[in-house]
Amino acid sequence: VSAKSRVFELFSVLFPQMKRKLDHGPDGRLFPSGKKHCKGSGYLSPSSLVQAPPTTFGDLRLANGHSAQRRRVASGPPPSGLQDWLHTFQTWSGPERLLALDELIDRCETNQVKHVMQVIEPQFQRDFISLLPKELALYTLTFLTPKDLLMAAQTCRYWRILAEDNLLWREKCREEGISENVATSPVSPWKSSYIRQHRIESNWRRGDAREPMVLKGHDDHVITCLQFSGNLIVSGSDDNTLKVWSAVTGKCLRTLSGHSGGVWCSQMAVATVISGSTDRTLRVWDAESGECTHTLYGHASTVRCMHLHGNRVVSGSRDTTLRVWDVSTGRCEHVLTGHVAAVRCVQYDGRRVVSGGYDCMVKVWDPETEACLHTLQGHTNRVYSLQFDGVLVVSGSLDTSIRVWDANTASQSLVGVSSSGGCVQTLTGPNKHGSAVTCLQFCRGLVLSSSDDGTVKLWDLRTGVWLRDVVALQSRGSGGVVWRIRASDTRLVCAAGSRNGTEETKLLVLDFDLEDSRQEAD
């Protein structure tokens, strides 16, 4: 009913003249409200609107396609004098009839008034959507929210046909930024795509009771880095190896061996994997064959972090420098110097490099000129993790805080920062992490953060509000650690374990593209 009321409200704004024709009777008085029937035996066709206006209720029934002889109440023979009373009623004027009806209604019992309503109401109901040409009906429905469209589809068969129009739902998808149609529904693929995206968003924000898939490997060693692309997951460890896993089956497909020291960082694009190690080198791998295609030399100490964009990878090292490499040739193109302690994390969007270090600083670089554009100060301990979307920088630190910075020198932040380099959001409060933040991810307008406290937390990036703990290890608070996280629109992969044996080393894979009957009902 609320959906139909919303449609009627929109209809009255878009087509006021036609609404007056549908809402008022031949004498100019407003039809009484009531639940409206759709096309069917009670459907008032457009042609009937131009016929001679009915003068009596019997005439109206005929105009609506009903028999003039409606089903009467079977309560015995008619009372004596009924025909004389009816004849007298017909001789009265319109105002006199109204007065008589008012007096008669006052003297009726409740069940008798209910009977009158059941007889009268259906004749004044109008399915205004069905009276319109299909193009105008669909145009009216474009003003409804997706939730109202789903409710309107339950009104009747004809409304369902309109409310499932594929082009209508394509427009709703466009409004929500859904540009890819991957649904296979034969009726309304764009509607299916919208519902799927809504389900995924709900699964992210509210979660469900499903247990994550557990992938066990690397024995009791620390998983130091984590990547996944498509259905491949790659984990790196201080056991000097990387392992390639299937995100679908959870099986280990192959082990990448070649580093002479622990693997501390990695990046992945399709089937190309790049790893950095305590042996001071970077290696380029083919994840499908297991072959090492390049070894990159240049750093003077452990390669601690890296970020790949296109054919370039930027690496950060304990030697306090960052290096920009061409992956295809193995050549070092630029060296960025300015940190005074080890570089712990780096992001690269193809235009700017953002780095965080043990010197508590976050730096923004122009890699082409090798110049440091900004030094973002605020953290009071080592900066361990970063995310960068080209405008906003999110940094996590051993000081247990997460800070959101505006790194754009030419414009103000959308959330009120008046100068470049200002902190625009701090993710804190009673649900903040209780220990060092180990990793961050942007996903669907959200921020995911992992920590040494054994949890993965979900935050709203715009408001800074904590939404929920996506992962909470059983050993949290007693040694359990979530070392690394990687997220796509539909999956979250977590590398977890402990340094004291309270939690075995493993990968947790959470899939949010799953149907849930409770959420579908909502």
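Easy rule for this one: first residue shown is 1, then count along the chain.
Glycine residues also receive a Cβ, built from the backbone N, Cα and C atoms like all the rest.
As recorded in TrEMBL, the features of this protein are as follows:
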| type | residues | note |
| --- | --- | --- |
| DOMAIN | 126-172 | domain 'F-box' |
| REPEAT | 229-255 | repeat 'WD' |
| REPEAT | 256-295 | repeat 'WD' |
| REPEAT | 296-335 | repeat 'WD' |
| REPEAT | 336-375 | repeat 'WD' |
| REPEAT | 376-415 | repeat 'WD' |
| REPEAT | 430-469 | repeat 'WD' |
Tertiary contacts of the repeat 'WD' (336-375) (same chain, 6+ residues out, Cβ under 8 Å): 301, 304-310, 312-324, 381-390, 393, 395, 397, 405, 407, 409, 420-421
Remote residues contacting the repeat 'WD' (296-335) - C-beta distance under 8 A, at least 6 residues beyond either end: 261, 264-269, 272, 274, 276-278, 280-284, 341-350, 353, 355, 357, 365, 367-368, 370
Long-range neighbours of the repeat 'WD' (376-415), counting only residues six or more past its ends (CB under 8 A): 344-349, 351-352, 354-358, 360-364, 421-428, 432-442, 447, 449, 459, 461-462, 464
